[in-house]
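Q: Got a structure for you, written out below as structure tokens; questions coming shortly.
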Amino acid sequence: MPQLGLLHGRAWTVLLGQLRRPPGAVCIRAVSSHSQVAEALFASQLKPYQEKSNFIIKTPKGTRDLSPQQMVVREKILNVVVSCFKRHGAKGLDTPAFELKEILTEKYGEDSGLIYDLKDQGGELLSLRYDLTVPFARYLAMNKVKKMKRYHVGKVWRRESPTIVQGRYREFYQCDFDIAGQFDPMIPDAECLKIMCEILSELHLGDFLIKVNDRRILDGIFAVCGVPESKFHAICSSVDKLDKISWKDVRHEMVVKKGLAPEMADRIGDYVQCHGGISLVEQMFQDPRLSQNKQALEGLGDLKLLFEYLTVFGVAEKVSFDLSLARGLDYYTGVIYEAVLLQTPVHAEEEPLNVGSVAAGGRYDGLVGMFDPRGHKVPCVGLSIGVERIFSIVEQRMKTFGEKIRTTETQVFVATPQKNFLQERLKLIAELWDAGIKAELMYKNNPKLLPQLHYCENMGIPLVVIIGEQELKEGVIKLRSVPSREEVAIKRENLVAEVQKRLSES
């Protein structure tokens, strides 16, 4: 084999790997240069791709790319959400995109089948995180943290059939706010609901309603209706579907698919179809069956206190006690809530229509204890803002009203009407950048002035700095207002001060 001594270690490894291929695979003869080895390897690896004539370029199902225009909208929404979280004293936190599979297992009830498992790559069974709550509980237990108010914005993954129209994806962002620690009842819970109201109001999504319930009340209802405790979770997940399907269909699922006696299902129906305000809480206190259940009484007592605090916060009219709200996740232990947008009715006598959940949360006092070797509990309550759903709504409204979106924040464009002025433009833009001003120029030696001005108008850039032979000779700069097209000459040394002044006035 000629000249094999010229091959270094990496080339030898690659070449031998090719020579060991099974019969029928592409093989490379000994060659005398690195370039020939690389060329031959590239050709051998490219061939299978060239043969895929039906190859389609697409994003995986349930995912999407976001254009620069969409990113602007998303960032505005996230800024509103995160600013509110910070206003309430939350600290930022991040966790890995994947967790040990055993960390996530059996934390989500029937939804556990939607967890994305990863192929074993290093002796650990891993899964992509399903939400941000379980990783937070793991973090608290692992670091022995007893009190924390945190927010977390990150992607999560769910292996479900995505409904893109409704803003549901397999990969999506969650924005979570949680309060961990032992505190007096319902104070942190009331703050979570206040935060929901602040964010939804600030985003101008239209009228909304926050439904609240308590898992202890639900369990109490199931108990007094005769449901065996072993069926509580299964029946709870059926009740959770009442916002999507009718009571008739939910009852059918309970009886036919989950084996509940028809009379038990009917008793449950008498409760879970009720909704109202503080008066309904009082009414449930007087219920002859429910008032005998200790769990239900505890839940009702906390809800009564919650409504008192919400009244002080001035948001009680946005909250409804809804006995159909179940929140199917297994880790909830107390108060649960879900915010829905209400579609304005066409006729005054019609009820508002529910057009979907945009935020949810609740109390999960036992989750941290699941990860603690000694079972030490850290009470927690939190909320999650459904940014994908909100994003879909905002994006659709912007299309409807034809709102134009700026994809950059450029404040000044440096232009010239003449040739051989690139270095002068570079000096100017460096001065603007060094002063913290957002600026751009065209990447051409000799651009024409009109395309530069058109670019500024199309991109919504408010100011243009123009330099040419006359300006250079006189020691001035032309400052042009893009909206009004008015130009003024200013001294070269006053450029930064004048630009900053104009920007502060706009």
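Placed from the backbone N, Cα and C atoms, the Cβ positions cover glycine too.
Okay, these came from TrEMBL:
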type	residues	note
DOMAIN	62-417	domain 'Aminoacyl-transfer RNA synthetases class-II family profile'
BINDING	Asp131, Leu132, Thr133, Arg158, Gln174, Asp178, Arg327, Tyr331, Tyr332	L-histidine binding site
Q: Near Asp131 (L-histidine binding site), which residues of its own chain have a C-beta under 8 A away, given they sit six or more steps off in sequence?
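A: Result: Tyr108, Val156, Gln174, Asp176, Ser384.
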Q: Could you work out which of the binding-site residues (Gln174, Arg327) has its C-beta surrounded by the smallest number of other C-beta atoms within 10 A?
A: Gln174
Q: Among Asp131, Leu132, Thr133, Arg158, Gln174, Asp178, Arg327, Tyr331, Tyr332, which the record lists as binding L-histidine, how far apart in Å are the two most distant Cα atoms?
A: 21
Q: Under 8 Å Cβ-Cβ from Tyr332 (L-histidine binding site), six or more apart in the same chain: what's there?
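A: Expected: Arg215, Gly362, Arg363, Tyr364.
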Q: For Thr133 (L-histidine binding site), just count the other CB atoms lying within 10 A of its CB, please.
A: 26
